[in-house]
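Here's the structure, in structure tokens; my notes come after.
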Number of protein chains: 2
Amino acid sequence: MSTQPDEFALIAELFAPLAASYPGALGLTDDAALLEVPDGQQLVVTVDAMVAGVHFLPDDPPDLVARKLIRVNLSDLAAKGAVPFAVLLAASFPTDVSMAWLTTFAAGLKQDVESYAIALIGGDTVSTPGPLTLSLTAFGRVEAGRALLRRHAQVGDRLWVSGTIGDGALGLLAAQGGLLDLSAEHRDALADRYRLPRPRSLLGPRLVGVARAAMDVSDGLVQDLGHLCRASGVGAVVEADKVPLSAAARAVVAADQSRLATVLTGGDDYELLFTAPREGTDLLLTLARETDTSLTEIGCITAGTGVTVLDRDGQAVLLPRQGWRHFRGEPA
Amino acid sequence: MSTQPDEFALIAELFAPLAASYPGALGLTDDAALLEVPDGQQLVVTVDAMVAGVHFLPDDPPDLVARKLIRVNLSDLAAKGAVPFAVLLAASFPTDVSMAWLTTFAAGLKQDVESYAIALIGGDTVSTPGPLTLSLTAFGRVEAGRALLRRHAQVGDRLWVSGTIGDGALGLLAAQGGLLDLSAEHRDALADRYRLPRPRSLLGPRLVGVARAAMDVSDGLVQDLGHLCRASGVGAVVEADKVPLSAAARAVVAADQSRLATVLTGGDDYELLFTAPREGTDLLLTLARETDTSLTEIGCITAGTGVTVLDRDGQAVLLPRQGWRHFRGEPA
């Protein structure tokens, strides 16, 4: 292969092996892919775009960029209770991209395609004079009529999150060379969470029939919860000191209380936020053990509208912003 | 709405109306969309990316950019015999994009969503410091096991194309201010073909059971036919003087015979290229009448490999290049 990559050689050498497990991908040599959906199941589809310098750092390792691209989409599927099975990639590569970069990028795709037992079933690779721009469409399956939707929250539901909140946003600061008062170990742990989300692909499908409403937390807990409330026509109360923090995030907030706002409103968590009736609590705690996932009750769904965050004294916490607005590329 | 567009307002005002006809789009207010596939049908999916300055001219009217984006994808579905029903949009808009631009872009989407009876079922809008970059995933349905694939050509099949070939590539030259020896009427007709493809969405599904192999011509007739031949393990002969040209393209070639190579290898035709057994000819001519589409036999499928183009004296035509390579952004 020449050092100047060629579209068709690139697809055949780097990407076609990722399609081998899925016959409907047609070896990535046709205009489209064919998908089967078993009787009684529904297809769940989502797309996310990522731009170098906006959604990841331009010098992030290419394999991690590829894996983040897959994982942010799998997080959306997990939030709907869907089991992922396929992805389509549209990639606009800068004209000076090297074969070394592309090879490492494809290796990252391969790693996660295998980890999550999915296939790359098609795509489009083009050239851009601008920054690397990627979009991935992800396909999952869920029993028909059973997907977890944002609109299903009910007044009185308890509010839960998986894992820990705030690591992604703090990780971006760490990856950019900030948070220098923190130990190197904590900085590395946070930066890793920013660069490599952990979609809750095992937990999500297990929440079907247990959770009522669900979504993934990607633009900041408070803002995302606001979207869930609007979709359901309800309000929510979050008890700030119940929001689960990692050891590194606890260290950040202990050193500077104002960072609590970053935790509650920063993006890139890729945890699941969901509601469940109070009588579902025991089942959820069992699920947490079986999937080796921490699940934490952080508040409840109320009548009314909007999200209220309370401190340990029951006082409303005022937040300078609610979350991340992708389109403006700035905090909202 | 403020003149500074906001992601959520943008989606609610401009894009959500395009989702209204499809309940599984969830009003564009959830993490993902839900798709039903009727029993006995298969889903056909494709994605195409377009970058300003590469796949369309930066000052092309935004509504035409939107419509081209939809149409290039519907062309892929038509080539598989699929009936389109939904699209997902991932859009990276430049930070200085105006509400006027976005409104016209959305109006273009709306026009073609309605024309082709499809729905926008989801997407992602982000901000980019680079050029406008769009990717669209399109969904169609076909009777299970009946999709038209590139790999089904057989030796002895006749080779057919819909419409006329070369107008897209000549239209790019016209849109860039070239072909000045041509009448303004012909230049406008060609530029229009470049800016607004006509996917063969009615014809494609009618070819199921009649055609054997099929694909759409988007990267140049000769190169694309080469892909079809490789996928089927066959060769092909094209008789150059049978390739159907529009009046404008005929005028270009009459004035400069060397432009025939542009016609045969230029991209952006978005016509269907397909093979059919000789006994299917009468049925195809009936289909042509019923769908008001010109269909022209241009050659045949042979044993061996590769594409041979013959002139009217039966001599092989040597072409300086085979077609468009998107990834290099240059002719191949």
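Note that the numbers count up from 1, one per residue, in the order the chain is shown.
The backbone N, Cα and C atoms fix where each Cβ goes, and this holds for glycine too.
Quick caveat, the model's predicted, so the values are computed rather than measured.
The Mg(2+) 3 site in TrEMBL is built from B:ASP31, B:ASP76 plus one of B:ASP188, B:ASP192, B:ASP216, namely B:ASP216. Over all protein chains present, the Cβ of B:ASP216 (Mg(2+) 3 binding site) has 28 other Cβ atoms lying within 10 Å. For the ATP site listed in the record, the two most distant Cα atoms among B:GLY123, B:ASP124, B:ARG150, B:SER218 lie 31 Å apart. Within 10 Å of the Cα of B:ASP48 (Mg(2+) 1 binding site), not one of the binding-site residues from the list B:GLY123, B:SER218, B:ASP268 places its own Cα. Each residue contributes its Cα atom, and for B:SER218 (ATP binding site) and B:ASP124 (Mg(2+) 1 binding site) these two points are 26 Å apart. Across the domain 'PurM-like N-terminal' (B:30-142), the DSSP tally of helix, strand and coil residues reads 35 helix, 48 strand, 30 coil.
Checked against B:ARG150 (ATP binding site) by C-alpha proximity, the binding-site residues B:HIS55, B:ASP124, B:ASP219 yield B:ASP219 as the nearest. Long-range neighbours of B:THR46 (Mg(2+) 4 binding site) (same chain, six or more residues apart, CB within less than 8 Å of its CB): B:ASN73, B:ASP76, B:LEU77, B:THR137, B:ALA138. Secondary structure at B:SER218 (ATP binding site), taken from DSSP and collapsed to helix, strand or coil, is coil. Those binding-site residues from the list B:ASP48, B:ASP124, B:ASP216, B:ASP219, B:ASP268 that have a Cβ under 8 Å from chain A Cβ atoms: B:ASP48, B:ASP124, B:ASP216.
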